[in-house]
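Undergrad: Swiss-Prot feature annotations, pasted as is:
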| type | residues | note |
| --- | --- | --- |
| BINDING | CYS12, CYS15, CYS34, CYS37 | Zn(2+) binding site |
| BINDING | PRO117, THR118, GLY119, SER120, GLY121, LYS122, THR123, LEU124 | ATP binding site |
| DOMAIN | 1-53 | domain 'ClpX-type ZB' |
Amino acid sequence: MSRYDEKKQLKCSFCGKTQEQVKRLVAGPGVYICDECIELCSEIIEEEFEETRADAELNDIPKPSEIKEILDQYVVGQDTAKKALAVAVYNHYKRINSDVKGSDVELQKSNIVMLGPTGSGKTLLAQTLARILNVPFAIADATSLTEAGYVGEDVENILLKLIQAADYDIERAEKGIIYIDEIDKIARKSENPSITRDVSGEGVQQALLKILEGTIASVPPQGGRKHPHQEFIQIDTTNILFICGGAFDGIEKIIQNRIGKKSMGFGAKIESPKKANVGEILKNILPQDLLKFGLIPEFVGRLPVIVTLHSLDREALVKILTEPKNALVKQYQKLFEMDDVILEFEKEAIEAIADKAIERNTGARGLRAILEEIMLDVMYDIPSQENVEKCIITKDTVEKMVPPTVIINENKKSVKKPINKKSRVKKESAS
C-alpha cells in the first residue's frame, strides 16, 4: 500500500522517500514507485538477464560443420586446419558446459598449436573463431615476453589484454580465446638444457605453463611489472582457450630427418628438399619434432591439438583477393563506389598480384601492401577528376606500374583513356 504522512503527502511504497525528495513518482493502483527504485529494479533485472543470456550463449555452441562453414566465408583453403580447429573449439566449449552441469568425468583442455608459413591464415582463423563464438579475443606476441624479473612483459599481461577485450567482465573473459603469435620464437636455443639463463626462450615457456593448464592468475590492472603495493585482478584461466601460432621455420628439416631414417638403403626414394612441399611435410609432424625444435616437454604436453597449414598457391591467393566477404578487391571496389566510380580488375591483373605475393614470399599478408602500391596514384587522382565512370586495373598496371585505364562519361558519351595525358584516347559509344 502507498504511504502517506500526516499531510497526506505521497511517498514511494518501496523506499519511503517523499515526492519532493525524488525526481519522479509513478502511481499505480494503490502504490507509488520513485525513479530511483525503478532504476534499481532495472539494474537487478539486467544482471539476471545477462547471466541467463551468457548461459544460453554458452550452451548454444555451433556444430563443427557449422563452424567450418562460417570459416569458409572468410578463410580460403586450409580445409584440414579448419576441420581440426572446428572440432577442437567445439570440444573445448562442450567441456566448459560439462563443468557447468557437473560431471563425473574430468575433461582436459584442448589448447591448440598452429604451424604454418607467414601469411597462411593463422591469425585470421583465430580471429574468425572468436567472432563466430561471440567470446572475448586477444592477440599477444610471444617475442615481447620475458621471465619475471627481466626487462620485457610478464606473461600475465596477455591475460590483461583479454580482460580489456571483455570490458573488464572477468566472468566473460574466463571463457575467451587468446592467440599467442610467434610462439616458435620462444623455443630454447638448443635441445640440451644450457647453463646460461634463457629468459626469452625456455624461461617464458616455463612461465606460460600454469596459465595454459589452468590457474588463478593475479593480473596487474594497469599492466607492466608487478609490485607489492598494487591491487591485482584475479582470473581463472581453466576455461580460456589458448591458440599458439608460429611459422616454425626449419622444422620441416627435423621432420624430414626423422622420416628419412626409416627410408634408408638402395631401394629408398630420395626426394630433393627443394622439390618437397613444406605443407605436405608438416602433415607428418609429431610432438617429438616440436621438442627437437626447442619447445620443452611440459609446454608441448599442454598443447595437445597440433594443426598444420600449408603455403598458399596462386589459385588460393586469387580466391583470397576476390571471394571472401572481406576480400581486398571487394574492399577497394567499395571505396571507389563511395566516389561513384566503378573499379574493375582484369583477371590477368589479379593473377599478377598473386604472383608478386608468391615472389615476395609474404603469402596473403603481403597482398594488401602490393595493392596499396598499385592503387596509390589512382586513389590520389580520381577523387579530383570529374565525370570518371570506371577505372580498370590491367596486368601492365601490376607488373610495369603503367597507369590504369579510366572511362570518362561526358554528355552521355564514354571516352576510354589512360590516366596520363600522353596516352591515346579511344572514343566509345555510350551504352
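Note that Cβ sites are derived from N, Cα and C of the backbone, with glycine treated the same way.
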Undergrad: Starting from the ATP site formed by PRO117, THR118, GLY119, SER120, GLY121, LYS122, THR123, LEU124, give every other residue of that chain whose CB sits within 8 Å of the mean position of their CB atoms, in sequence order.
TA: GLY116, GLY245, LEU309, GLY363, ALA364, ARG365
Undergrad: C-alpha of CYS34 (Zn(2+) binding site) to C-alpha of LEU124 (ATP binding site): distance in Å?
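TA: A Cα-Cα distance of 50 Å.
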Undergrad: I'd like to confirm something. Which of the binding-site residues, CYS12, CYS15, CYS37, has a Cα closest to the Cα of SER120 (ATP binding site)?
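TA: Sorting the binding-site residues by distance from SER120 (ATP binding site), the top entry is CYS37.
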Undergrad: Cβ within 8 angstroms of the Cβ centroid of CYS12, CYS15, CYS34, CYS37: which residues besides those meet this for the Zn(2+) site?
TA: SER13, PHE14, GLY16, LYS17, VAL22, LEU25, TYR32, ILE33, ASP35, GLU36, ILE38
Undergrad: Could you say whether, by DSSP, CYS34 (Zn(2+) binding site) belongs to a helix, a strand or a coil region?
TA: strand
Undergrad: Taking the domain 'ClpX-type ZB' (1-53) alone, what is its mean pLDDT?
TA: 78
Undergrad: Going by a 10 angstroms cut-off between Cβ atoms, which of the binding-site residues CYS15, CYS37 has the sparsest surroundings?
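TA: Selected from the binding-site residues CYS15, CYS37 on minimum Cβ neighbours within 10 Å: CYS15.
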Undergrad: Which three-state DSSP class does CYS12 (Zn(2+) binding site) fall into?
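TA: Its secondary structure by DSSP: coil.
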Undergrad: Show which residues of the chain containing PRO117 (ATP binding site), separated from it by at least 6 in sequence, have their CB under 8 Å from its CB.
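TA: PRO117 (ATP binding site) has long-range Cβ partners ALA247, VAL278, LEU309, HIS310, SER311, GLY363.
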Undergrad: Across all chains shown, how many C-beta atoms besides its own are within 10 angstroms of the C-beta of CYS34 (Zn(2+) binding site)?
TA: 24
Undergrad: What is the separation, in Å, between the Cα atoms of CYS15 (Zn(2+) binding site) and LYS122 (ATP binding site)?
TA: 56
Undergrad: Let me check the 10 A CB neighbour count of THR118 (ATP binding site). How many other CB atoms are there?
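TA: Around THR118 (ATP binding site), other Cβ atoms within 10 Å: 15.
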Undergrad: What does the structure give for the C-alpha distance between CYS12 (Zn(2+) binding site) and LEU124 (ATP binding site)? Integer Å is fine.
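TA: CYS12 (Zn(2+) binding site) to LEU124 (ATP binding site), Cα-Cα distance: 55 Å.
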Undergrad: Do you know offhand how many angstrom separate CYS37 (Zn(2+) binding site) and LYS122 (ATP binding site) by C-alpha?
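TA: Their Cα atoms are separated by 50 Å.
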